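Listed features, source TrEMBL:
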type	residues	note
BINDING	Glu193	substrate binding site
DOMAIN	8-255	domain 'GCVT N-terminal'
DOMAIN	272-344	domain 'Aminomethyltransferase C-terminal'
Amino acid sequence: MQKTALNSQHHALGAKMVEFSGWEMPVSYQGILAEHLAVRNTVGIFDLSHMGRIDVEGADAEQLLESLSTNIISGKMNGSATYTVWINAEGGSVDDLIVYRQSPTQFFVIVNASNRDKDLKFLEDHAQKLRVEITPRYNDGILAIQGPQAPSMVSHLFPSASVIKPMHFEELIYDGEQLILSATGYTGSGGFEILASEKIIKQLWHYFVDQEKIPPIGLGARDTLRLEMGYALYGHELSDTISPPESVSAWTVKKALPVLEKRATKRYAYGVVLLEKGIAREGNEVLSAGEEIGYVTSGTYSPSLQKAIALILVNKKLTEGGLVEVQIRSQACPAQVVKLPFVKIEK
């Protein structure tokens, strides 16, 4: 298994380590519930160095990224970050990612750990005959400091954090090296992500964890946090066979795309709250009037709501407040369709 630059620190902190997309990563430290609530109520820090950075530069860089994306990439401000989905020739989802614009000819993307090699090849295949240089930067690290106290904590070290707008970033110098400070994240609680060399990542982890006493957060709470917001996890809500318009990431489709227009939407994504005891898990059948209409893509216990929640993909339109059933083992548990996100965060 691959290891991030912070692997020894995770072990020293007593983290429960698991395999994730070929990496040894911390799933929890003090426990998923406590870590989840820390991010919702105060602040927490994540090691996301298993994710991949790919630089895309050249006269045709913007054209290339625009052609692959559901969201609009062209004409954005320098220093902006755009969440999007890349689509394949059949209209399926290659990956969901964030595109960062440094200049009209300089971009980089942050892709999911499970798709690093696939995404790099996808870019290279579509860059043929274009004036583009593609460079993976897989030796860099990524930290996320998330939660309502994240802005004040990060501003102690980086005063400019207080003026960075959501989905924007700045390039700063720290200890003689360049880093990216980005007002992005995947928890719904606000905060920042920092992209830097492994040397700087180690220094910053030491500062935030040992000096600022920010609690470390594992992948378990990262998953429950994103699920409460109704955010997609690749391989669950999005995949090569799940198209963006039929997913919880449908909102990213901001332009006409012929490949998607040819592929009529026949499935629909919703959030449900279970009304009886039980936890819905990926693959559980979803029923309506006793008839199977789809399945659970992700499910968990929501620490914020203290209820079981799930994202589902079904073959019929449902109404908010309507009821379905989720088959959990031998029990058909009633569940109510709700508007996403499950948890409303005060800004």
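Any Cβ shown, glycine's included, is placed from N, Cα and C.
Small disclaimer: the values here were computed from a predicted structure and weren't measured.
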Three-state secondary structure, which DSSP defines for the residue listed as 'substrate binding site': strand
The domain 'Aminomethyltransferase C-terminal' (272-344), counted residue by residue under DSSP: helix, strand, coil: 0 helix, 41 strand, 32 coil
